[in-house]
Amino acid sequence: MNITIEGLSKIYPNGNRAINNISLEIQDGMFGLLGPNGAGKSTLMRILVTLMKPSSGKVTIDGLDLVKNRKEIRKILGYLPQDFRFFSKLTTHEFLDYAARLAGMKDSKTRASAVDRMLEEVGLFEARDRQANRLSGGMKRRLGIAQALINNPRLIIVDEPTTGLDPEERIRFRNLLSTISTKDVIIILSTHIVGDISSTCKSMALLNRGELAYSGSPDELVEQAGDKVWLIKATEAEYLEINEKYPVISTVPTQEGWEIQVVADSINGYSGNHIDANLEHAYVYFMENQLNQWTAI
Amino acid sequence: MISLHNIRSIALYETKTLLRSWFFRIFAIIAMVFLAFFNFGVLIESNGGAGQWELKGLPSLIPYINLLFLNVVQAIIAIFLASDFLKRDKKLDTTEVIYMRPMTNGEYVIGKTLGNLVVFFVLNLIILSIAIIFNLITKNVTVNWMAYVYYFGLISVPTLVFIMGLSFLIMSLIRNQAVTFVVLLGYVAISLFYLQDRFYYLFDYMAFNIPLTFSDFVGFGNLETVLIHRGMYFFLGLAFIFYTIILLRRLPHSEGMRYFALVFGSVCLVFGIYLGSRHVGAFLSEQRLRRELIGLSDQYLDVKQVQVKDYDIKVDHQGQQLVCDVTLDVTNENSSPLEKVIFSLNPGLKVTRIQVNGQDHDFERKLNVVELTGLKLDAGQQASIFFSYEGKIIESACYLDIDDETRIATYRNFLYQIDKRYAFVTPDYILLTRENNWYPVPGAGMGAKNSQWLSRQFSNYKLEVNTKPGLTAISQGTVQQDENRFVFTSSHPQTQVSLTIGDYERKQADIDGLEFNVYVRKGHDYFSAFFEEIKDTIPSVVAEALQDFERSVDMYYPFERFSLVEVPIQYYSYDRVLSGAREQMQPEMVLFAEKGLLVGDADFYGRMEGRRRFGPDASQEMTPQEKKIQVLKNFLSSFTQEQGRPDFQRSQGQVQIEEKPNPYYIFPLFYNYAYYIRSDQWPVTDRVFESYKKQGTDSPRMGWMRDMQGMSENEQGNLALLSQSFEEILKDPKQLQIVDNVIQLKGKALFSIIKRKAGDAEFEDFLFNYLNEIKFKTASIEDFNNAVYDRFGIDLIPYMESWFSSKQLPAFLIDNINAVNVLDGDQLKTMVKFKVSNTEGVEGIISVDFRLGAAGGRFGGMGGSAETISKLIHLEGNQTKEVSFLLSGSPRGASINTLTSRNIPSEIRLPLENLEEDKKAVPYEGETVVDIPVRIAEENEIIVDNEDPGFVVTTNDEGSLLRKLLITEEETTSRYAGFSGWRPPRNWTLTANSAFYGAYIRSAHYISSGEGDQKAQWNIPLSERGFYDVYAYVYKDTRRGGRRGGDSNAGEYHYIIHHDDGDEDATVDLKTAEEGWNHLGAFYFSSDTALVEMTNQSQARMVVADAIKLIKQ
């Protein structure tokens, strides 16, 4: 299973260029899509799930052209949008059954068993007769991923799946995706939460202003920020200066003043030391230094 | 390839979602509750617990009405639900998980549509189940199961498909639910309240106006029209649905589906438009054909006709075709040779062969006209003409004298629409009358100028019918049946012959030598069980009713048999200007609508129950048998009243009452099919005789009806005669409603010429005997004139021309009406005296009618109802008479009717009960010509009436722009509005009543009471200054109370007199005021005009402004 994106662009009727000339290769497993608001992540995903037509470029999924073979591609898709709400009046079970039906599961026994199994997997079996729109936020996300997975898709696209989930649910959710990603499928995970990518994805892409800023593994991105992460012990007066000079990752008040994590080539004049970089540091460093574009995430 | 699995899945979950929507549930519950109550009300509880006969009489009407109601509401709800699905789909993130699934846009939209439809079908099923339950528990009603299927398919399905498709399409285009609602609800409102049946009910997508009544005889009488109309909406709906597939904002799954949707949608659209054009085209081509037929007829205006002495008609009923052989023995009875011999025959019947005197003869066929090429007949020459023809009846060729607007006007009963049919030829049923021209008739049919079609000939008929086994043929004359062959032979000449064939059963009785038959469709005998207890009494009740009618028309029933034949409800006929005979009336028989649905008194069980609960018998000791006899009498009276149920309509706040002619009024059997007085110069002459003879059956017009309408139809007739001659009115389609009244008024005027010289009784005897002489023969007006001349020495003909074309009318002033009891010998009598002047130069008559309790006359016996004595007073132009009538017994009331005149109101009513005895009065009866005319005012009196130029009123110009736009001038009612005491108008409104002041026109302006902002002004011209006594003419309403209810005539009027010393508010207390002139005071006026005002300030409910009188001191 692989996805090849070549020179993909999307220009909206109002002239807004949402994505611009993106080329990308995605292989089996989890693939992270990172980028600030307006970077074009959702547009790219909506193109990949056949909801939107690209203006130019080409996408092939397992050799199938996304535009010409929309029918075949939809059969292997699973999709969980970002702000997903349910049709009112349907129960959890009915909603999943509806999704299963539309995914092509015709045999009622097979479908019933698949629905029940999926409800078990996402921990919603007990809530099978509850109206879907009355579930808690976490349960709704689980039901969302359940409908995306109900037909055993080979390409799963999830947009901000862990937003609003408590830590326990986030971990469970990530683990679920990781488990699925071992089965000859591609999971494209778009998220603001860098940690979700670092803990699950073997490869990733960074989008900014509709353009592909980085493509590779998270580790390679982290390497680029290897000695650039500093922990500065700063006084109250320095705190404000540092905030203005460097991209600040975190600030912790101490008895003496502040412990501030920043990404920078050097911290001239301040007292601090190197610490190990992670993907979050790397993302900030990359955005600040490679693209000369710092945008708060 | 379309995936049914996907469609089913989408439909299933759409259905689930909608069924769980509270909006739908609330609507469904309201619909169910409303229709349950409705069914309970109309089928079980109404009409004294017997149910509404108009609905339960024909079982198919139950699902029809239920779905009609449901359909209007569900069509609106469907708009909300249908557009809601696209709105729901606009919540992108929710829909995206559906849109990215492997399904085509077509599957999605079709699935959604089916889901929506299923929801409504479930509701329809529930509503129909409710209807079925009520249908089953309603007494004496069967269930027409198929009707439930038919109406569901014809009413609900096309409406829902269309409105859903339209909603989807508009929502897809506009993509705004609120705007879509406004557009679609506007469309619903326009189609319901404005378009209605306009444009041949083309826009009636809810099937609210298209006739859909299903007869047990023939099913839908207009099946093709219905299928085309409903098919049009179904296919347009499909087209919109498939276009929605293309417009759906989802990347297509299959290009094939898009092309399919485009092609299929376009095919449906084109087919829908085609059906629509066929629907309209059918009407237009009918109209075109009618114009051609009329034009063709007029080409033969001057062609004289042959007289048919004998008809020998052989009819073979072959499915939906007639195969006929007809032999006519004809004579040229004209005084000159006939250069052309023409016959008319329905254009749907194809003539295959014609023989003259046994030899094949060439003929030329133009539409309905068959011209026998080269055939000439000398005066008196006879010929035998044989026609062989076959085919169907084209009904649009019937009633060519009826305008298109009248023909396409809705035929409604209760709440349902019935299609109008004039003939039936189906494999199981046939109904043909002369109007269908199903056998050759001399002449060219009806034209715009050529009215020969309505002239009558008396011929001998022999009719032989071959039909399907098991069917019964019904026609005039004696019948001989040999299996499925029927031969009818008439024993005397007839004007026409009809043919009815169907699955009939016959009930027969001999009543005083009259063969009395009732033919009903098998299974439709709902009455025998009801009348079982009184079946031995029925003949005497029928005989008595017949005698009563004979007495009232002063004629004997002319035939040996009388048949009541049940016919499909769709059978329809029109009232005509030149003939009083509706086609429901045929010689010897009445074609009576299925189950008597159009006649309330045919609901025997309902009437019985009504009498038991609420009727006059409720508190009386009557046996059930007596009650049933009364029910039967009431039913029989349905045939003896000329007017049917009045039709109430509101227009600009005024109630309009249109009295619909009763199609089952049997007078034509007495007159039209037995006598014919012909005039080529004045074709209306026969109607004048007819009208004169039937006036004895006129029921006195109820005063409240006239008061509500503002003017009686006679008065409207008089108004019309002021500007149009009799001749012009007869040709004016706008005057159709009053033409009968005009004919009757003119008839009275004509015959009064004879009566004046001959005397009432002598003339009646003469007419009775004369008609007996010409029974079953044609006589001319010249024949009649000769007979009158021979007997009375009066020549009517010279008078006829001005009678027909003059526009002058007499005008009467009537004064000093005095009614007292006087002692005449030892008998107390009632004497009524008055003085009357005819102020115009043309002669005129007035009729004084006294209502009595006794009956008398040629036919003897006692009538059950009040009798009327009519006295005519003739006045030459500018003549004045003092007249006095002396009456035995105790007349209950009198009315002075000015007939054809300028007077409004035309009738002055006088109560004659509890009169005082005038011991000084000298009993006298007679009339004296006097010199001094009636004077409306004394020499020293100056009167300004509300009809005079000096009278003006303010106008309340309020009212919405919408009202002004919607209500056009054409819709304004007659000059004199009705008198609505309970809801007086907000503007000064002119109304006429004999209690008001006036010379020829007794009228006043009235208005709802208010704060004094509305004024009436009298500007009274004065020739000299001085002190004047001022009087106001006050109308006292004896029926209604003040504004806050309570005492009648509570309240006051304010008159403001503008005089030299200032303004005087003269208040008249209505409780103490005199009816008539009331003194307001004496005032000095120095200018040449005195001004008196009246405002609408009053505690009374209304204020009436009539006349002001000034008398110089």
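Positions of Cβ are set from backbone N, Cα and C atoms, glycine also.
The feature transmembrane segment is assigned by TrEMBL to B:22-44 (among others). Sequence-distant contacts of the transmembrane segment (B:22-44) (same chain, at least 6 residues past either end, Cβ-Cβ under 8 Å): 51-52, 55-56, 62, 65-66, 69-70, 73-74, 77, 80-81, 119, 123, 126-127, 130-131, 134-135, 137-138, 141.
Beyond the transmembrane segment (B:64-82), the same-chain residues lying 6 or more positions past its ends with a Cβ under 8 Å from any Cβ of the stretch are 18, 21, 23-24, 27, 31, 34-35, 38-39, 42, 55, 116, 119-120, 123-124, 127-128, 130-131, 147, 151-152, 155-156, 159-160, 163-164, 167-168, 171, 180-181, 184-185, 188, 192, 205-208, 212-214, 414-416. Marked as transmembrane segment by TrEMBL: B:64-82 (among others).
Residues 11, 14-15, 18-19, 24, 28, 31-32, 35-36, 39-40, 43-44, 59, 62-63, 66-67, 70, 74, 78, 81, 143, 148, 152, 156, 160-161, 164 of the same chain lie 6+ residues outside the transmembrane segment (B:117-137) yet bring a C-beta within less than 8 angstroms of a C-beta in it. Annotation source TrEMBL lists transmembrane segment at B:117-137 (among others).
Among the features that TrEMBL reports, transmembrane segment is placed at B:149-171 (among others).
Taking Cβ pairs closer than 8 Å, the transmembrane segment (B:178-196) reaches residues 72, 75-76, 79-80, 83, 163, 166-167, 170-171, 203-206, 208-209 in its own chain, all 6 or more past its ends. Annotation comment: TrEMBL describes B:178-196 (among others) as transmembrane segment.
Nonlocal intrachain contacts for the transmembrane segment (B:227-247), taken as residues 6+ away from its ends with a CB within less than 8 angstroms of a stretch CB, comprise 105-106, 108-110, 113, 154-155, 157-166, 168-169, 172-173, 201-202, 204-205, 207, 210, 257-258, 261-262, 264-266, 268-269, 271-273, 275-276, 278-279, 282. For B:227-247 (among others), the entry in TrEMBL reads transmembrane segment.
Counting only same-chain residues 6+ beyond the ends of the transmembrane segment (B:259-277), those with a CB under 8 A from a CB of the stretch are 105-106, 202, 228-229, 231-236, 238-243, 245-246. Taken from TrEMBL, the feature transmembrane segment covers B:259-277 (among others).
Annotation comment: TrEMBL describes B:987-1111 as domain 'Golvesin/Xly CBD-like'. For the domain 'Golvesin/Xly CBD-like' (B:987-1111), the model gives a mean pLDDT of 87.
Helix, strand and coil content of the domain 'Golvesin/Xly CBD-like' (B:987-1111), in residues and according to DSSP, is 0 helix, 78 strand, 47 coil.
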